Amino acid sequence: MKQASQNFSKDKNYKIEITGLTHEGQGVGKIDGFVVFVDSALPGETVTVKIVKQTKSYAVGKLVKVEKPSESRVKPFCPVFDSCGGCAVQHMDYQSQLDFKKDTVLQNIRRIGGLDNVRVLDTIGMSSPFRYRNKVQYPVSLQDNQVRIGFYESRSHKIIDSTECDIQPDESNVIRGLIRDFCKLNRISIYDEKTGKGLLRHVMVRKGFKTNELMVVLVVNGVKLPHADELIGKLTEQYPNIKSIVLNVNTKNTNIILGDKNICLFGQEFISDYIGKYKFNISPLSFFQVNPVQTEILYGKALEYAQLAGNETVFDLYCGIGTISLFLSEKAKKVIGVEVVPDAIEDAKRNAQLNNITNTQFIAGEAEVVIPKLYAEGIRADVVVVDPPRKGCDEVLLNTLVEMQPQRIVYVSCNPSTLARDLKYLHQHGFEAQEVQPVDMFPWTGHVECVILLQK
Ligand code: SAH
């Protein structure tokens, strides 16, 4: 990247060709070799921009006009696409998004991984990429004396509360409205980030797609909701399939949405849902994949790549609440799941019980600490599945896996660049990436998820 010898004028228009796209959906181009990011611009387009920000290594351009549009450009279906911080690539047709995600994986594996011969399959998309999320968390605030429950504007804490959101189930849009009306009618105080005063902070709605069960969580800066019975009546009258209404207590001055304590206001403290044939109980604090339809496809592919015959010991590392472990358990002799969050491990154990699965074991701890210890004790895996967070796998872990020499490694990744880095390391130590399957878990966003088969 060129350093800032460039001095852009804020009043001038600049014409620029867009050659790339970031996973946040910003078009990337250059002015005299200097990198410029432009919201809502697509590769292949020529656009006119005004420079609104400049740092040493890059500038940010605001789109003034698309001079030559890309063939992939479509009109975003959401009226607040330009201001909402949610979806990033609604201005791109769906097939082009899938192609873009495949290409992102391919380019990362080539550039960062230095691997030219890995087969990257076409991204598996959704037949209907709408209303796919099973969880929504709406921030609540008082703006111009009005209660607002909605989504943050991009790069801001102002809330957009005017419209439906087509990637959420219909119920969450309606429930949001009922809670807004309830707050107005009963003068429920609204939390203020600056002063730390006021009661209602967030509303979370979760839906079991296969069970149709709904959960409503009101996150409050306190321990009581005035007139709660009235709200419970309104909500359950509209949706008899609400199985759980919970008050989540969060009295800390923090950006973290949920507090540790739950008070059940109605029904039980969890809802259930299935991924494949496996049942999961989901409580307000449990992690659960947000796109259950695509998750089933992703895990199915991981199981296929694992090629289990029934006599293998399998490690499921970064196992969360044990979802992949349960998928693998049926075809393996034993599955050992490792996860750093102790509560998730408790959920994983409970989920195994719920499904009458007896050949799984779950260990709380960092994979890079637990696995070297198991290895030193003589416990080995024939097949290893890893599903790390965005930062990828720790090198100590990769090193132990290389020494352990499983037959194959199945890598599930949500970040192509750390994936490429780890594939490079494994390649240098005798594990060959054979095939990559991208799966679109988050339509209309730039996020890419994929599963990879590595063979010894
Ligand atoms: N496989 C699960 C969860 C994947 S998300 C699923 O599909 O549902 C990644 C998980 O890695 C998170 O649950 C996170 O808590 C966990 N994690 C993060 N760092 C870790 C580490 N060093 N060792 C083990 N688990 C870790």
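Using the three backbone atoms N, Cα and C, a Cβ is placed for every residue, glycine included.
Because TrEMBL annotations are produced automatically, they should be read as predictions rather than curated entries.
S-adenosyl-L-methionine binds GLN289, TYR318, ASP387 as TrEMBL records it, and from the list GLU269, GLU339, GLU366 the residue named for this site is GLU339.
Of the chain residues outside the S-adenosyl-L-methionine site list GLN289, TYR318, GLU339, ASP387, PHE287, ASP316, CYS319, GLY320, THR323, ILE324, PRO388, VAL412 have their Cβ within 8 Å of the site's Cβ mean position. Of all Cα pairs drawn from GLN289, TYR318, GLU339, ASP387, which the record names as binding S-adenosyl-L-methionine, the longest spans 15 Å.
When the Cα atoms are compared, ASP387 (S-adenosyl-L-methionine binding site) and CYS414 (active site, nucleophile) turn out to be 8 Å apart. DSSP assigns GLU339 (S-adenosyl-L-methionine binding site) to a strand. Sorting the binding-site residues GLU339, ASP387 by the number of other Cβ atoms within 10 Å puts GLU339 first. Cβ neighbour count for CYS414 (active site, nucleophile) (all protein chains, 10 Å cutoff from its Cβ): 17. There are 20 other Cβ atoms within 10 Å of the Cβ belonging to TYR318 (S-adenosyl-L-methionine binding site).
Residue counts for the domain 'TRAM' (7-65) by DSSP state, with H, G and I taken as helix and E and B as strand, are 0 helix, 37 strand, 22 coil.
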